[in-house]
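Asker: Before I ask anything, let me first share the structure, which is written out below as structure tokens.
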Amino acid sequence: MFEVFVFATLNGLVTGLLLFMLASGLTLIFSMMGVLNFAHASFYMLGAYFAYTLSAYLGFWGGLLFAPLIVGCIGAAVERYGLRRVHQSGHVAELVFTFGLAFLIEEAVQFFWGRDTKNYQSPELFDFALFTLFGQEFSAYRGFMIAIACLIFGALYFVLTRSRVGIIIQASISHPQTVANLGHNVPLIFMCVFGVGTALAGVAGVIAGPVLTTFPGMATVLGSIVFVVVVIGGLGSLPGALIASLLVGLLQSYAIAADVGMPELLHLLGLSFDSSHPLNDLWTLNLPQIAPVLPYLLLVLVLIFKPTGLMGNREQ
Amino acid sequence: MTLILGLRRPQSKHHQSTRHQSKHHQSTPHLNSARAAAGQSLTRRASLSIGALACALSFSAATAQEPIRLGFMDPLSGTFASVGTSGLNVLEFAADYFYNSKGGILGGRMIEIVPLDNKQSPTETQLQFRRAVSEELRIIFQGNSSAVANTLNQTIAKHNRRNAGQEVLQINYAAVDPILTNEECSFWHFRFDAHAVMKLDVLTDFIAMNDELSSVYIIGQDYSFGQVVADNTIRLLGEKRPDIEIVGNEFHPIGQVKDFTPYVTKIASSGADAVVTGNFGADMVSLARSIIDSGLDVPIYTFYAAYDGITATLGADGKDRIRLIHTDRANPLASDERRDFYRAFKAKHPDSDITQSRLANALMMVVQAMEQSQSTDPYDIAVQLEDMRFTSIAGDELWMRGEDHQLFQPLYISKQTDEGIEFDADNSGFGLLTEYEVGTSETITEHSCRMRRPRR
């Protein structure tokens, strides 16, 4: 039981930190532009596909370096030539724009790369077990994923709170006019933030591609859960995004590992139902089965009891 | 996503309009291009009249030799798009290769395959079925997801009861939930794949032969097929090898799991010697990847762990570890006819494989039924298909049982390897090598179908 717990924690950590890489960019973009970028997970997918193609020529590390750059440039271009124009028509138009963009990117990926799963592999450098615990291996690549995610959080947090750039960014979130009056190019800052946000999603794609497989549905699978994370953490809050990512990752991982459910609960209460009961499906439900819905349940609870999210302070 | 959007109060109201607008967006390009085309042709009056003439000529020719249109309903977009698309490739190619390039069927009529994208959702299936009816498609090939096949089966049964003379025939080439040819059997449904229990019977025979196994972990997608696999593996292994312990029976939501490592952790800690799964598509490849990445060295007994990028992605890691129960022999191929078909397909689709050659079998049997009855009416075809015996191009003897519309064919268990592979998968050098095979007559099982036959 203890070994399952240890590994469930590690797995939850990996999933959570991966979610964080996506959520950090999304929450950053939201706090700047006040718009949820529905295409965010699509940039994650683009990152994986670009890295897959680049890795054939430049190896994994070339992909890790250049794929996020390309994705970031595409993101910046989307902001500069798409979102900025649409912005004049209000938030709804922006929302629809990113919604449409998500479909467009998915179709484009299927058009250029095909619908099959892509054989995108982790580098041979990491083809060893970082450590073996209770006879189970924890691959070095997963350790690498954790390291990258921590690095990103550290760097982002430092830049946003300790550096001059961060001060300007934070200022242009709350007082864009004042910042502009001080001589800063606010639209350029917005473009850069969007570019960096999408590049972060790209990084997540590059390093998740080999583990979670690279296929055209990968954006859809991760898309909705990232929004859940951002909302639970509080829209616009970076520490909130980290906490919520880990919370969602661990919650799912523990729920899968825990072999308990309604039968055990009923047994404790001294109740039993025969299998012909009309609600038989309900009485035999167990935790692993509902694990993927738990984050959504958490979302509902957070919204009821703390509508701004765990760390959010944004006024609605 | 609807849920999340609803949170932000200012935007929640607009969400409905968001949807409408995005749909609207999709339709405008067509309008524009139509207008543009119209404008162009107006400027070229001369070519217009020639075009009209050519149009009229080809139209009169078309009415004489109207193509036979067959619907192909499977996911062509979304998470499971790769499975549907590769099926469509095979069916379209088979129609061209066997019939259209040889002058068509029924005295020169061509076969046209009409793709219907149901996104593997039962709701979308209903919509696409309406579309098929309005486009007068009378024969629908469908395979992926038993949930979808069940929906289509019921929809067709209802439609055919109410619209005599407008019946639709369901050619099921891959949905393997046993109820389709048992409790829920229908005169309008024919299954060309072996159903899950038939396959599991052979698969558990094979597992039972491995004396080194003492425990098995079952994991599958949480829907009808996944549950059939789990229940019957437990039952059949219990009969054949009571000493093998079932150390896990796990369900996960279909197409929703990002990372299978938490599940693999449970598999590893259960100490299982083997894994049995009915997963397909992305769920299959992610599961196998996670098992391999965790350093768990156990055989994986599967239904669908090959082609569509899966073989290439698993590559050397899957060698001698991935085993499949399937209906289509891959290596060694038995006949030159089958080899030629494969090579011709590869010449046209170098990046694709013949993933489901039973689609070709199904098409050929349907065409034979059309030729025998000299009709394209679903009722006539159904009557001909019943108890049809057919030799496939691979040399397999096929029999369509008339009582329940279940096809019987040889079943194979193959492993992923790069040795002795004549036709590989995903151009990876790795492919399937048959280890065990069971003849048609040995796969025949009992059924509980009480078919209601329409009166004519």
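Cβ coordinates are placed from backbone N, Cα and C, and glycine is handled just like the others.
From TrEMBL, here are the annotated features:
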| type | residues | note |
| --- | --- | --- |
| TRANSMEM | A:6-28 | transmembrane segment |
| TRANSMEM | A:58-78 | transmembrane segment |
| TRANSMEM | A:90-113 | transmembrane segment |
| TRANSMEM | A:140-160 | transmembrane segment |
| TRANSMEM | A:188-209 | transmembrane segment |
| TRANSMEM | A:215-235 | transmembrane segment |
| TRANSMEM | A:242-262 | transmembrane segment |
| TRANSMEM | A:282-305 | transmembrane segment |
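How buried are these features, and what lies next to them?
Answerer: Residues of the same chain lying 6 or more positions beyond the ends of the transmembrane segment (A:58-78) and with a Cβ under 8 Å from any Cβ of it are 39, 43, 46-48, 50-52, 101, 122-123, 191-192, 194-203, 205-207.
A Cβ distance under 8 Å defines the sequence-distant neighbours of the transmembrane segment (A:90-113), meaning residues of its chain 6+ beyond its ends; these are 33-43, 45-46, 49, 52-53, 78, 82-83, 216, 219-220, 223.
Using a Cβ-Cβ cut-off under 8 Å and counting only residues 6 or more beyond its ends in the same chain, the transmembrane segment (A:140-160) has close neighbours at 10, 13-14, 17-18, 20-21, 24, 28, 122, 125-130, 166, 169-170, 200, 203, 207-208, 210-211, 238-239, 242.
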Asker: Using Cβ atoms and a strict cutoff of less than 8 Å, what residues sit near the transmembrane segment (A:6-28) while being 6 or more residues removed from its termini?
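Answerer: Sequence-remote neighbours of the transmembrane segment (A:6-28) are 36-37, 40-41, 43-44, 133-134, 136, 138, 142, 145-146, 148-150, 152-153, 156, 193, 196-201, 203-204, 207-208, 222, 225-227, 229-230, 233, 235-238, 240-242, 244-254, 256-257.
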